[in-house]
Structures are given as structure tokens and as C-alpha cells.
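Visitor: First the structure, which I've put down as C-alpha cells, then a few questions once you've had a look.
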Amino acid sequence: MKRIFSGVKPTGHLTLGNYLGAVRRWVEVDQHRADALFSVVDLHALTVEHDPARVRRLSRQAATLLMAAGLDPELCTLFVQSHVDEHARLSYLLECTATDGELRRMIQYKEKSVRAQAAGQGVRLSLLTYPVLMAADILAYGADEVPVGEDQTQHVELTRDLAVRFNQRYGHTFTVPRATRPEVAARVMDLQDPTSKMGKSHENGAGIVYLLDDADTVRRKIMRAVTDSGRDVEYDREAGPGVANLLDLLAAATGGNPEALAGVYETYGSLKKDTADAVVELLRPVRERHAELAADPGQVDLVLRDGARRARETARPLVDRAYRAIGLLPAG
Ligand code: TYM
């Protein structure tokens, strides 16, 4: 059976981008067809300026939302990264496999380190080593596939490189994973700035649909989305990124095809209205289920505890094998 690993980091409230780019597929496809593990990767949330209480709150909220979206602990393993020591253990071995140069080339490192410096904050060393920890997340479970949005492609490529390099130097230890992406909405764009990704830690929330936004808020954000200067509804991500983004959202929410949908609409207004309605309906059950689950946090905690136990059992032997392969003396 295939093994799948993916994760979401609790740096902000989960967005429609997270849902369409990753979570929805985990729920609808991945957990049914593979031995799938999904993690709230909280250690990754410490790589930039953070508030401890907020990270803790967002971690529980993310886990609750993943269950509300439909991850089923009977079908998959859901856990919090910091509950399983194997991630940090393996990360160090991979730091001894990666080079400084290849980490400095990572696009997200470049972007986020510039942002931290502009805000007068130091760049945490862990921001540089972030992709190594991400590689450890994946390799510790021998994952074959990593379902992610488009922005994670470079990180999964690095994971592959590290796995191959480790295997060549120290003997076959790791499965070389591959990224999988959704056909539509692999990169949902910000509604106010459709040339940049809809990201949960973006400053201005007006262009971001959060999974917990109420129906009126979702509708307002989509109706106010920036569109392009042209008049025709065309699917052209370069020339008309705002309209293309709306078509992607509508297609993802209704199961249609963005190019075909472009032919159906004459005005931006009607496209926005239908997109808003479709997204509201898509998110309604998630929000409702979240409210039920949030009323009983003990249930979520139990799922996470059991998930961590299962994750540990899976990762432990593989990480132990890597420790031996790289030359460390086994503890008696
Ligand atoms: P994160 O928390 O930023 O995002 C979680 C998932 O959502 C996808 N995503 C998007 N997809 C489409 N459009 C968007 N606007 C959008 N925004 C986010 C992301 O691609 C991701 O799949 N580094 C990862 C977390 C991570 C991880 C891992 C993922 C840590 N270790 C191991 C997979 C395997 C991240 O920051 O995701």
C-alpha cells in the first residue's frame, strides 16, 4: 500500500488556498487509497517571529479544522509534529546531508528572510533549515507521495535530492517521494493581489478567504475581488490573473473546467456572484462541523494522542535505521 504524508503549519487561520490546494484531496482521495499521515507541523511555525499562545491555539484549531473538513481517524493518522520526536531526530541527520548553498536557494527562504529583515527582526537559523525539517517529516515515514499545493514543489524536490544523496552515500534507507498536485487550484491567488499566492500569514485579510469566515464575509471578499482591466471573461493566468483566479475557484468548487466556464459568462459581476455562492456552499459544511468539534476539544485531543502514537511507531524504525546507516553507534 502506498504511504502518503502531508502537513499544514499553524502560522495563521487555514485558508481556501490550503483547502483547495491540499486538504480537500487528502479528505476525498488520499485517505481512502493509501496509508496516509497528516500532521499539524507546529515546529515549522517557530521559524518566524511567533506568539507561543497563538501557535498553541492555532495548532488545535488546525487539527479541529482538518477533522471538520473530513479527515477521519479511522482512515488516516492525524497528529501534531512536535508530539513525535523522530522529526527532529531525523532533521539533524539531513542537516548533515544538505548544503548551505542549496538551502539559500530556496525561494521561500529568500522571500521570508527579506520580510523578516524589513520588519527589523533577525532571520532565525531555523528559517534556513526549514526545508530540511520538512524533508525529515516526509522521509521519516517512507512516504511515496506528498500531496501539496504548487508552492511546495521546490521543497519536495529538495527532499528527493536529500533522499537520493543519503541513499547513495550510506546505503538504501529512504523512499524517494514525489509531489502530487490538484488539477485545478494548485495555486489559489490573493483576491486583492492576484499576482501573489493566497497565504495565511499575509498582512491584509481582505484578499484571503479563511475556512472559518462566515457566509457574508466570504461573499463580500469574493464580490470585491480585483479583476482585470479587460471586459471579456477569459481564462488567461498571465494577462488576466484576477479573472483566471475566480474561474479556478468556481471550477474547483463546482467540479468544472476553468476554460469551459469562461465561455459561460459575459460579465465579471455574474462570474463573481456564482463563484461566491459556490465557495459559500463548499465551505458551509466544514464550518458547521468545526463548530460541533470545537465544542468538544477532548475528542480532538484523543485523536491527536492516538495519532502521535501511531506515527511514532511508523517513524521510529526507519529513523533508527538512518542513524545506524550514517555511522552512529547504536545504543546498547
Ligand atoms: P502551508 O501550511 O503553507 O500550506 C499547507 C498546504 O496548503 C497548500 N497551499 C496552497 N495551495 C494552493 N493555493 C494556495 N494559495 C495555497 N496556500 C497553501 C500548500 O502547498 C500546502 O500543501 N511547508 C509546508 C508544510 C509542511 C509540509 C511538510 C507539507 C511541513 N512539512 C511535509 C508536506 C509535507 C507549508 O508551509 O504548508
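Cβ atoms are placed via backbone N, Cα and C, with glycine included.
Automated prediction, rather than curation, is the source of TrEMBL annotations.
Quick paste of what TrEMBL says about this protein:
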type	residues	note
BINDING	Lys9, Pro10, Thr11, Gly17, Asn18, Gly149, Glu150, Asp151, Val188, Lys197, Met198, Gly199, Lys200, Ser201	ATP binding site
MOTIF	10-18	motif ''HIGH' region'
BINDING	Asp137	L-tryptophan binding site
MOTIF	197-201	motif ''KMSKS' region'
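So that I understand the layout, could you describe where these features sit and how close they are to other parts?
Guide: Cβ contacts within 10 Å of Met198 (ATP binding site), excluding its own Cβ and spanning all protein chains shown: 26.
Same-chain residues lying 6+ beyond the ends of the motif ''HIGH' region' (10-18) with a Cβ under 8 Å from its Cβ atoms: 40-42, 44-45, 48, 50, 55, 58-59, 61-62, 65, 149, 185, 187-188, 197-201, 208-212, 249, 279, 283.
In the shown protein chains, 27 other C-beta atoms lie within 10 A of the C-beta of Asp137 (L-tryptophan binding site). In the three-state DSSP assignment, the secondary structure recorded for Asp137 (L-tryptophan binding site) is helix.
Taking DSSP states H, G and I as helix and E and B as strand, the motif ''KMSKS' region' (197-201) has 0 helix, 1 strand, 4 coil.
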Visitor: For a quick check of understanding: among the binding-site residues Thr11, Asn18, which residue's Cβ has the most other Cβ atoms within 10 Å?
Guide: Asn18
Visitor: By a Cβ-Cβ criterion of under 8 Å, what residues six or more beyond either terminus of the motif ''KMSKS' region' (197-201) are in contact with it?
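Guide: For the motif ''KMSKS' region' (197-201), the list is 11-18, 48, 151, 187-191, 207-210.
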Visitor: Take the C-alpha atoms of Asp137 (L-tryptophan binding site) and Lys9 (ATP binding site) and report the distance between them in angstrom, rounded.
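Guide: Given the Cα positions, Asp137 (L-tryptophan binding site) is 12 Å from Lys9 (ATP binding site).
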Visitor: In which DSSP state, out of helix, strand and coil, do we find Thr11 (ATP binding site)?
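Guide: Looking at the DSSP assignment, Thr11 (ATP binding site) belongs to neither helix nor strand, so coil.
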Visitor: Taking only same-chain residues 6+ apart in sequence, whose CB is under 8 Å from that of Glu150 (ATP binding site), what do you get?
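Guide: When sequence neighbours closer than 6 are ignored, Glu150 (ATP binding site) has Gly21, Arg181, Ala186, Arg187 within Cβ distance under 8 Å.
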